[in-house]
Amino acid sequence: MSGFSFNLLKITDPRFRLGKIIFSRNKHEKILDTPNCFVYTIRGSVPHLTPDNLQTIPADAFGITLEHFLEVQPPSSTYFMGGIHKFLNLEEYPLFFDVRDSEKLQNISFGTDKYVPVVTSHGCRKVTLEEYIRYMNIYNPDIFASMTDLITVKNPGLKRVKKSVDRTLNWLDETLEHTKEGIQVFGVVTGYDKHEERERSAKETANRNVAGFVLNGFDLDMTSKERLDLMKISLKYLPRNKPRGIDIFNTSYPSDMTSLGHALTFLLIEDGIQHRREKFINLWDDKYRTDFKPILDECKCYTCQNHKRAYIHHLLKTHEMLATVLLMSHNLFHYLQFFKTIRKSINLNTFTNTAIQFINMYGSDDNDASNT
Amino acid sequence: MKSALTWEIIAKCSTTKARVGKLILPHGPVDTPVFMPVGTQGTLKGITPKQLEELGCQIMLNNTYHLGLKPGQELLEQIGGSHNFQNWSRNLLTDSGGFQMVSLLKLAKITEQGVEFQSPHDDGSTMLLTPEHSISLQNSIGADIIMQLDDVVSSLTTGKRVEEAMYRSIRWLDRCISVHKKTDSQNLFAIIQGGLDPNLRKKCVEEMVLRDTPGYAIGGLSGGEEKDTFWKIVTLCTDLLPKSKPIYCMGVGYTEDLVVCSALGVDMYDCVFPTRTARFGNALTSKGSLNLRSVKFSNDFQPIEKDCDCVACKSYTRSFIHLQATKETVGCHLITLHNVAYQLRLMRNIRQAIIEDRFPSFVKQIFKDLFGDNEKYPVWAVNALKSVNVDLLSEK
């Protein structure tokens with residue numbers, strides 16, 4: 001027995017929505033409150049965090065990328081009989097699969113009607129639609145995104161975009177036909193910067209029997225405003241009663257910040273945006289050498305409860321791996337708190353004001369968070 | 001001299017010289033024989049202090065030379081020592097810094113005053129590590145056990161230099177003792193030198209025992225000497241040293257070495273091997289080491305070691321760890337966690353076998369698991385164990 005339901009709990013003015021996705025399998029329920037994010041993973045684990053350290057972080061769901069497992073085909077994990085949740089030791093969580101790592105897209109050769117190209121540490125590989133569906137049926141994830149004809153060149157022509165929309169829709173039809181019952185398929189809405197194609201992609205995808213939608217097809221160097229405008233076109237044609245991309249986000253932002261030695265410090269909405277605080281601090285900076293405070297005094301993460309800025313600075317300077325462990329623990333914790341406070345604020349009808357304050361303080365036009 | 005520890009032997013093997021002890025240090029108890037993982041720069045390779053505590057680790061090493069460079073003595077003083085700096089509430093041991101100078105640095109020159117070496121700051125200047133400076137640094141770091149600066153020579157060196165180094169180590173011990181300020185919270189251990197020469201070792205033990213330090217280390221070994229010479233020096237030292245003090249054999253960490261040296265009466269060990277080899281994807285098991293980078297593990301859905309209760313073995317298959325090994329830091333952390341768990345479990349099993357007075361049969365089982373065929377047993381280990389009445393090759 002398995003099931004999937006999306007319940008809209010609240011829609012506030014003008015467009016904020018609070019939802020709850022319930023995944024049920026074998027009498028076991030997993031709940032995902034939205035807005036939320038799928039925690040970014042590489043090769044099926046959160047960068048730097050072993051399961052015991054991950055347990056200190058209130059993660060709700062994970063995004064897994066097939067591309068990371070395709071050095072050998074079929075991936076060794078497809079021979080594991082217990083399903084992908086058990087293989088990855090993530091049995092308690094909803095898992096969302098996609099083919100490509102949308103955070104690290106590299107410009108590679110074109111695909112065809114039959115396959116998409118992927119990048120692995122052993123070079124380029126290709127994966128066909130039939131293989132993708134077969135792997136998903138073996139893995140048994142909670143949700144996966146249907147295969148997408150991604151365009152990785154800048155400013156694609158109308159013809160190319162049309163082909164991308166067509167292929168993606170055709171693949172979606174085949175996917176819906178061949179996917180095992182109980183696995184939810186999210187249709188991918190694309191169309192790049194061609195308004196009429198965005199509209200067509202959204203309308204056609206909405207006509208299919210999908211569980212939800214992934215918004216895709218944004219150029220990596222678009223401004224947030226351009227991206228937002230295109231997003232609005234897609235959203236207009238998507239039914240409100242299904243998760244639509246603005247409900248769940250997929251981003252490697254916390255781990256990218258970790259790689260840079262940055263610790264997130266931006267104010268959470270529940271703090272109220274009265275005083276100023278930096279968006280992040282760079283712990284490589286020598287001014288932290290003798291800073292014996294935690295990253296954030298009030299933060300409840302393992303790192304802030306146990307370690308000081310000076311120690312993390314020392315770990316960075318000495319190239320010790322514990323630096324990224326502690327930074328990732330904090331950054332991911334802080335980032336998930338951010339979503340939690342957004343949900344709280346929508347629920348209290350205070351989101352409109354605080355969001356404006358937040359954007360005024362931290363700017364709206366940077367590209368370090370992207371949406372799926 | 002004054003001591004900030006108590007040590008009680010709670011069980012002795014009736015066949016070999018092995019013993020189980022309870023060492024009480026300023027930051028809590030340590031059960032011996034003990035393996036001490038090495039956290040060189042105030043951190044054990046990607047493992048949090050909490051994880052290390054959960055593994056049951058009671059004492060870890062820090063290296064004085066590295067901590068002296070970064071974060072530096074002044075900062076360590078300011079924050080109240082290395083325990084506070086890294087948030088480790090259990091015991092620490094620091095080395096003197098001398099070994100790193102000789103092994104890591106080119107053109108180190110040893111004079112009566114101390115070890116003169118080229119500054120790592122790459123400005124052409126030279127620096128001098130004296131016994132006084134080493135103790136001052138170690139006092140600032142604040143470890144529960146600190147080591148004297150000794151005159152380290154390669155274990156392959158022969159002749160006058162070995163004798164000179166031995167006598168100088170005694171003189172340096174005296175200088176260390178006279179400047180050691182924190183005798184109520186830090187235990188200074190002497191280091192027995194004398195190369196591979198039994199007479200020099202004997203002389204060194206005699207002199208150092210007169211200084212009555214809280215414990216003793218056997219130094220100048222594990223440097224590429226014949227293993228048959230190595231164990232003879234170890235057993236000579238454990239025979240000569242007082243039974244009432246813990247004995248620490250520096251730089252020992254392979255399974256067979258730990259088992260043999262424990263049979264010879266050694267109580268403490270340290271080695272970078274388990275954590276270093278983890279970073280190359282090697283996981284330790286009772287049947288030997290597994291290189292998890294190898295494709296042969298890609299479809300192997302067993303845990304690294306059956307019955308191991310570490311996070312890696314409880315959570316993942318070899319196949320999953322193979323995907324991560326040497327590619328993602330998580331792979332390295334998982335194997336490190338496992339290897340430390342393996343070492344600590346080995347020591348726990350050694351202690352349990354001694355307490356239940358079945359150590360000889362335990363030793364035989366360890367060798368059987370590790371080497372399989374008894375023709376593959378290392379000859380030196382067979383000889384060493386024979387010297388303490390355990391015949392590895394007999395069927396019994």
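Numbers here mean position along the shown chain, with the first residue as 1.
Placement of Cβ uses the backbone N, Cα and C atoms for every residue, glycine included.
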Further binder of Zn(2+) named by TrEMBL next to A:CYS299, A:CYS301, A:CYS304, taken from the candidates A:HIS275, A:HIS314, A:HIS319, A:HIS330: A:HIS330
Statement: Fewest C-beta neighbours within 10 angstroms among the binding-site residues A:CYS299, A:CYS304 belongs to A:CYS299
- line: Within 10 A of the CB of A:CYS301 (Zn(2+) binding site), the number of other CB atoms across every chain shown is 23
- line: DSSP output for A:CYS304 (Zn(2+) binding site) maps to helix
Task: For A:HIS330 (Zn(2+) binding site), just give me the three-state DSSP call.
output: helix
- line: The average per-residue pLDDT within the domain 'tRNA-guanine(15) transglycosylase-like' (A:17-362) comes out at 92
- request: For the recorded Zn(2+) site, enumerate neighbouring residues of the same chain (Cβ within 8 Å of the Cβ centroid of A:CYS299, A:CYS301, A:CYS304, A:HIS330, site residues themselves excluded), in sequence order.
  value: A:PRO294, A:ILE295, A:LEU296, A:LYS300, A:TYR302, A:THR303, A:GLN305, A:SER329, A:PHE333, A:HIS334
- prompt: Counting every protein chain present, what is the number of Cβ atoms, excluding its own, within 10 Å of the Cβ of A:HIS330 (Zn(2+) binding site)?
  reply: 27
- request: Kindly assign A:CYS299 (Zn(2+) binding site) to one of the three DSSP-derived states: helix, strand or coil.
  value: coil
